[in-house]
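**Student:** Quick paste of what TrEMBL says about this protein:
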- 20-45: transmembrane segment (TRANSMEM)
- C262-C331: disulfide bond (DISULFID)
- C291-C351: disulfide bond (DISULFID)
- C333-C340: disulfide bond (DISULFID)
- 461-483: transmembrane segment (TRANSMEM)
Amino acid sequence: MNGPKHKLCTKLSSTYLRKWWITIAIAAILIIGGIVVACEFSVLINAIVDRMVALRPGAKTFNWWAKPPVEPRISLYVYNVTNADDFLSNGSKAIVDEVGPYVYTETWEKVNIVENDNGTLSYNLRKIYTFREDLSAGPEDDVVIVPNIPMLSATSQSKHAARFLRLAMASIMDILKIKPFVQVSVGQLLWGYEDPLLKLAKDVVPKEQKLPYEEFGLLYGKNGTSSDRVTVHTGVDDITQYGIIDKYNGRTHLPHWTTEECNRLNGTDGSIFPPHIDHSRILHVYDKDLCRLLPLVFEKEVITKNEVQGYRFTPPESVFADVDRSPENMCFCPAGQPSCSPNGLFNVSLCQYDSPIMLSFPHFYLADDSLRTQVEGISPPEKEKHQFFFDVQPNMGTTLRVRARIQINLAVSQVFDIKQVANFPDIIFPILWFEEGIDSLPDEVTDLMRFAEVVPPKIRIVLIVVLCALGVGLLLLATFCLIRNSHRQSTLHLEGSNYLATAQVDMNKKQNKDNNPSNVRY
């Protein structure tokens, strides 16, 4: 009679226990899921970001890259020479008056885009400049007096030529009435004016040695579609190569410098960088006019428009340092030590048809102060006004804000055999400086960045809390029920034992009664 009851209780008990062991297993899976989310959720988000930013034709980020929804500006400040005659005649120190800004808005578009088989895209860049007189200090017609760059370049290059060539050059300049300073409008200085020396060169210089322009202007030929063909990595196959230049006009390296390291081209155009940037990353920007890769190192964290967090990257202080301070810059001295630039300057003559052009930061920021004091009228440099920097969104690698600030200088060499410049001393003469960049990105872009930056961490925290809370809750519930069931089973076991013992006593009494009938009275 007790056998079927015992089997039924055992069956019910086994089903009960199996249910709670399954609950414990589910709780363990939830807790493990919470731990996995805590450790690996960022990997999933990074994979999503990588896919989103990679340059796939037709994607939103591709369209933003091809035609940036921004309005870059370039502001130019010209060093107007106010005592040119005294400087040449009396040996007085040159006095300059910084005039500007002269502001142009820019429209950028990548055209003739071709998708290549090796995970790259090739394109030409179109830049259209529009003068903004409402933002400028004056019209483009403002007249300035500046060094005659074509003439002084030619005389400086002739310093080590045969003497009769220098005398012949002096005669030609006399006939053409070429002077060391020119009076031109700001527009002419930037976009071009007819120069008699260049016009003469066009007629007498062999075709293979001719300059690719007939007028002289610091931005001559840049208002329109560039002939330079740029090939960049899309990041689809390898996100670490996202936006990195693969080839520039078919070259993988520059031809100018003495080592492969200094001739590298594997930077970006500055609009995008490979994502997931940390403080230790060194970014690299390439621009043809810089004549080299420009390294950028982390300076500080910043908050930009719409409270998007960015990392500020700037060139290291050693970037234009002389070789005594930074021996690694020796590779930028193509003719050895004598051709090295003074501290704070970078010689780009090899990229400017041998014109002795020297780049620096505005007001000779980070350069020897003796360069600034060679002329009067240039105030001491200020970091806030003259620093070169990029603010970059670290997760997506998108540039948020830029101030690309560069000063153009002319390295003039005194040449006694050319009477027009016989009194022009050896000097680094500042011409102008400019500030090019963007203030912010459109709300559509920054909203997406802010979403990508703020929402995933919150989702991660919610998932961790929910999964772990559910797991721990189920685990505690299952443990409590199992312990309670264990006590109940013990109680039932004791009650069952007492019942069996009582039944056994009753049975024994009955058997004794049956075995002793004589005790029954009639």
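A Cβ is built for glycine as well, from the same backbone N, Cα and C atoms used for every other residue.
Bear in mind that TrEMBL entries carry predicted annotations, made automatically and left uncurated.
Locate each feature and note its surroundings.
**Tutor:** When Cβ atoms from all protein chains are considered, those within 10 Å of C331 (disulfide bond) total 17, not counting its own.
Long-range Cβ neighbours of C340 (disulfide bond) (same chain, at least 6 residues apart, Cβ-Cβ under 8 Å): D322, V323, N329, M330, F332, C333, N347.
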**Student:** Distance between C351 (disulfide bond) and C262 (disulfide bond) at the Cα atoms, whole Å?
**Tutor:** 14
**Student:** Between C262 (disulfide bond) and C291 (disulfide bond), find the distance joining the two CA atoms and give it rounded to the nearest Å.
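**Tutor:** C262 (disulfide bond) to C291 (disulfide bond), Cα-Cα distance: 10 Å.
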**Student:** Taking the Cβ of C291 (disulfide bond) as reference, which residues of that chain separated by at least 6 in sequence fall under 8 Å from it?
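**Tutor:** Listed in sequence order, they are L254, H256, F346, V348, L350, C351.
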